[in-house]
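Participant: Please read through the structure below; I'll follow up with questions.
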């Protein structure tokens with residue numbers, strides 16, 4: 001029974017064909033397309049308001065050089081929120097619970113920010129590896145520590161998103177199983193467990209949105225150091 005809880009995190013396949021590409025492309029079909037009318041409907045207006053507010057909040061600390069990344073970061077944010085939210089539906093698969101996918105998103109974006117910093121301002125980018133006023137004896141140690149922390153950043157991005165979503169899905173499945181087992185034996189306890197499951201589901205909805213925002217926000221902070 002304990003091992004079956006992890007079956008939900010297995011990559012889906014049909015007739016031996018992996019369906020990861022379908023799971024990644026499905027969210028884009030659900031978004032409403034812009035219309036050619038003078039005024040949008042409520043759904044398009046809400047979508048435009050959310051994207052504008054998020055883009056403004058994300059790019060406010062960045063200088064003009066970082067505003068080129070607005071479309072990329074906003075698309076990534078909407079994409080991650082869609083995958084996380086759709087994964088909360090019954091009998092669905094959450095691609096962002098796969099560490100390989102999250103690292104595949106984190107490493108290229110992190111590497112792009114590092115390369116941009118080294119190309120545009122190499123002195124300032126390398127200066128982050130050694131704080132000003134460091135004693136001479138600590139210079140080699142600090143350079144090694146800062147280099148390790150620099151390379152840990154994409155790993156932390158991917159692991160954070162994977163761990164939070166995986167823990168939430170496991171907890172939901174455990175509490176749902178407990179409510180189902182307790183229903184014929186102790187209905188009152190089962191009802192209380194179901195209420196707890198409902199509250200946990202609301203919390204997971206918030207976690208799904210917050211973790212997508214944190215992922216993109218940290219990438220914007222890495223970009224801010226290098227532009």
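The backbone N, Cα and C atoms fix where each Cβ goes, and this holds for glycine too.
Automated prediction, rather than curation, is the source of TrEMBL annotations.
Features from TrEMBL:
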- 12-31: transmembrane segment (TRANSMEM)
- 69-89: transmembrane segment (TRANSMEM)
- 101-118: transmembrane segment (TRANSMEM)
- 138-159: transmembrane segment (TRANSMEM)
- 171-199: transmembrane segment (TRANSMEM)
- 205-223: transmembrane segment (TRANSMEM)
Participant: Please work out which recorded stretch in 12-31, 69-89, 171-199, 205-223 has the most C-beta pairs separated by under 8 angstroms from the transmembrane segment (138-159)?
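Facilitator: Answer, by Cβ pair count: 205-223.
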Participant: Sort out for me which stretch, of 12-31, 101-118, 171-199, 205-223, has the most Cβ pairs below 8 angstroms to the transmembrane segment (69-89).
Facilitator: 205-223
